[in-house]
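Engineer: Sharing a structure below in structure tokens format, with a few things to ask.
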């Protein structure tokens, strides 16, 4: 089964996840099915009811992604009508064959509203998922995955699955093909996410979502207390190592789990880290006291490049504001004097019109108001500007009010690959270099080198002084 998060295809399919976008900030996730086993009763099959109308799933299946779906007329009262429990004798005789599920009734379009059918992405899933715990939003996990060097083929350890937001984002980052039972033609490392959750109910819900979204084999959810049992897959003592390249700890006390993330565990068990590459780690902590204890433990365990980052993402809306009396009733403009000169000119034009009106009222033989002069028309009329419309006005910026992230501190660190003298010797034999000179004999100290250089200078001075004495004797 292919996941709609990774390979959605061009059309929606049955038994797959789809996102129903009602507004910009309102999206409903649903599994497309013709029949709803839990909430039956609709003649049209499974129906999703929204404030913009009812949408039978028969109208959502096999539709191109991004389509606009019109609401349908659904008999909502049919769900409350109970079927007759007693049947006549002739009905009992005729019911010898097994009853199949009735085919959904063809819906009729309504004028209540519409929605857009979208395929799921980690960004849309984060905005629409059911919140069970604190959610890692897009501004946070995008930066975290960048700093963790998550790429196709990597293995990520996630401690604290929660609502599954980071799980879906990380599996997309490391995806490098679906696992299969066939023997691969070439050696290729498939990406994988190993998620650990302490709460049993949350772990089960994440496991169900992973199954529904077609991520089996790419995400492995484990119910475990990582503080005590570590990060091995299967049995905590004799389990298999995930050989992780990146680690994300969303825990209340991440420093308690760092003792299991070492190259050589003291208990003699296998390390969960990849021995052939450096390992990147990130911890998600809301308090500075947690950050201090985490950094102290990281330094004791040999982690390098430790840094702390706080992500403050804010969306900025940029637009042009046009102000002036000559714009008329154009949408998005402010009909107000843009300067003092324009206000004075407008006042003078109104005074001239008032004087002209009073002058015509005093004339006894005047039947109608005369037409304004050409000068007044030029002043009072609108003048077309030579500046294009998209360049008119001032550039205005407004920041987003509601920030979809959390005030938390991200701690990053790197654990280098373990390197021994045997590894150094093997690499020098495999890739020799003429510039590297092997030291011969025992190394000399600085004092010994200074003494030898002083003796060498004294010897040179003696050799220079001998020819001078011989010439004087002659």
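From the backbone N, Cα and C atoms, a Cβ is placed for every residue, glycine too.
The following feature annotations were taken from Swiss-Prot:
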REGION    75-109  region 'Disordered'
BINDING   163, 164, 165, 197, 202, 225, 226, 250  S-adenosyl-L-methionine binding site
REGION    356-390  region 'Disordered'
COMPBIAS  358-367  compositional bias 'Polar residues'
COMPBIAS  423-432  compositional bias 'Basic and acidic residues'
REGION    423-474  region 'Disordered'
COMPBIAS  434-443  compositional bias 'Polar residues'
COMPBIAS  450-474  compositional bias 'Basic and acidic residues'
Engineer: Measure between the Cα atoms of every pair in 163, 164, 165, 197, 202, 225, 226, 250, the residues the record assigns to S-adenosyl-L-methionine, and report the largest value in Å, rounded to a whole number.
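Structural biologist: So the binding residues stretch over 20 Å, Cα to Cα.
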Engineer: Tell me, by DSSP, whether residue 225 (S-adenosyl-L-methionine binding site) is helix, strand or coil?
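Structural biologist: In three-state terms, residue 225 (S-adenosyl-L-methionine binding site) counts as coil.
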Engineer: According to DSSP, which kind of secondary structure is residue 165 (S-adenosyl-L-methionine binding site) found in, if we only use helix, strand and coil?
Structural biologist: helix
Engineer: Tell me whether residue 202 (S-adenosyl-L-methionine binding site) sits in a helix, a strand or coil according to DSSP.
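Structural biologist: Once the DSSP labels are grouped into three classes, residue 202 (S-adenosyl-L-methionine binding site) ends up as helix.
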Engineer: Using a 10 Å cut-off, grab the number of neighbouring Cβ atoms around the Cβ of residue 250 (S-adenosyl-L-methionine binding site), all chains included.
Structural biologist: 20
Engineer: Under 8 Å Cβ to Cβ from residue 197 (S-adenosyl-L-methionine binding site), same chain, six or more residues apart: give me those in sequence order, or none if nothing qualifies.
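Structural biologist: For residue 197 (S-adenosyl-L-methionine binding site), the qualifying residues are 160, 161, 162, 203, 206, 221, 222, 223, 224.
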Engineer: Count the other Cβ atoms sitting within 10 Å of the Cβ of residue 202 (S-adenosyl-L-methionine binding site), across every protein chain shown.
Structural biologist: 19
Engineer: So if I draw a 10 Å sphere around the Cβ of residue 225 (S-adenosyl-L-methionine binding site), how many other Cβ atoms end up inside it?
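Structural biologist: Step by step: centre on the Cβ of residue 225 (S-adenosyl-L-methionine binding site), count other Cβ atoms within 10 Å, giving 13.
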